[in-house]
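> The structure's right below; bear with me while I get my questions together.
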Amino acid sequence: MLLFALGFLLVILQPSTGQFPRVCANVQSLRSKECCPSWDGDGSPCGELSNRGSCQNILLSQAPLGPQFPFSGVDDREDWPSVFYNRTCRCEGNFMGFSCGECKFGFSGLNCTERQVKTRRNILQLTTSEKNKFLAYLNLAKNIPSQDYVIATGTYTQMNNGSNPMFRDINVYDLFVWMHYYASRDTLLGGSNVWRDIDFAHEAPGFLPWHRAFLLMWERQIQRITGDENFTIPYWDWRDAENCEVCNDEYMGGRHPTNPNLLSPASIFSSWQVICTRSEEYNSQEALCSATSEGPIRRNPGNNDKSRTPRLPSSADVEFCLSLTQYESGPMDKMANYSFRNTLEGFADPQTAISNPAQSGLHNALHIYMNGSMSQVQGSANDPIFVIHHAFVDSIFERWLRRHRPMLEVYPAANAPIGHNRENYMVPFIPLYRNGEFFKPSRELGYDYEYLQEPAVQSFEDFLTPYLQQARQIWAWLVGAAVFGGIVTAVLTGLIRACQKKKGGTSSEIQPLLTESEDYNNITYQSNF
């Protein structure tokens, strides 16, 4: 009944974030290279009549790139999204979306003026009903077509420079699987030639901001299709875990009784079909993943290559990683040493921060440990564990941001691998987001993590309450002490005055404590609370 009711909501609530907007996947938009849809609220492009935004030329970063990609003009993702569109909606204020019809992350309300911060929680601490609702939402996303977005099934050249659009529908969950594939796929150089050392979402500075944006968009998509505006992605805290605590039918699916590489038939995820897992086949055919079904989710946690990933990450690994002060270093790729990003991503040793791609630590360790669909980069998002795993990785990123409080300038502005400079737009997101826009504390983007929340500041009344209660218990003693003190003070005052009269005046040696000539500005005050 829950899934049936959620499905009904789709006719009212449409998703708003993804890849190629359906309204721009046509000959006219591709040939004109313009994607400035009308906002439904006033019928004008980008909601211009309502001052939400306007159609503008895309401003591309001119900063130099690193040497990892020695080509130019061979990949549709270069200078994203200029191969497809060079004019898009530029939204004003807190408005966002491909037509400026949405609010920026962290804002809500009719005019997007209401700040909001939602809390992501530990999946193992959800109630049974909360956990079941999350699983139902995942399954709904897998079975509902995206209303606003389509995926490209061919390159711009294969589309005859826009004259022959090649797009197809896709369900909401697989839309994000496809985006993750598209950002990390190889470059097709013609014939059987490909360039593998390229990735717009991994192995470089953008890894953490890209996945932060990805999760926020995924989270909002679920909120839209379910009508549950309070939904947040749960996280799996895998520190010091001895096994996969969520790999059972109560959570993300247990092991198949006869085939250890498949999921238990009792899990709703056992019926899911994966997409975008056959990269070698696509490369040989000079094709893109078309999102056709390629078999069930595969997972065999713990039966991985122990020489590469001997165990799951520990609390000590995480703490060492958090102690690193440099966000990025050296070549800014998987060979970077003493880089927080590279250590958290898992290409550097979590005990020394020295690059060692032959080993898999932290983030990478979880992917390898799952020993299945999660273990191949391009298709890893097929396994729903991907979402709760990356939510926890993002929380570690958040801890680093709060501990070190870096300025935006800490994120590299130039010489990073292609697509990873601070002002580069993230592939393949439309609306457009720059890497640097997500190099900021999560609360500024409208969310927090339950285990990172600071205790609420007490009100002044709450602060005083315990002291007032103690005072009530000893009030009689306090009153008596005050009366006695007053009597003693009066007696002493009388004696002092009597002595002064006998002396007959004030001695010239008696000085005021401070004279008018003393400099008050030189006095240092120190407060300790």
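Glycine residues also receive a Cβ, built from the backbone N, Cα and C atoms like all the rest.
Any TrEMBL annotation is an automated prediction that lacks curation.
Note that the coordinates shown come from a computational prediction; the quantities given were computed from them, not determined experimentally.
OK, TrEMBL features for this one:
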SIGNAL    1-18  signal peptide
DOMAIN    202-219  domain 'Tyrosinase copper-binding'
REGION    287-313  region 'Disordered'
DOMAIN    383-394  domain 'Tyrosinase copper-binding'
TRANSMEM  474-496  transmembrane segment
> Per DSSP, what is the residue count of the domain 'Tyrosinase copper-binding' (202-219) in each of helix, strand and coil?
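Taking each residue of the domain 'Tyrosinase copper-binding' (202-219) in turn, the totals are 13 helix, 0 strand, 5 coil.
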> Given the model, what does the mean pLDDT over the domain 'Tyrosinase copper-binding' (383-394) come out as?
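When the pLDDT values over the domain 'Tyrosinase copper-binding' (383-394) are averaged, the result is 98.
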> Residue counts in helix (H, G, I), strand (E, B) and coil for the domain 'Tyrosinase copper-binding' (383-394), per DSSP?
10 helix, 0 strand, 2 coil
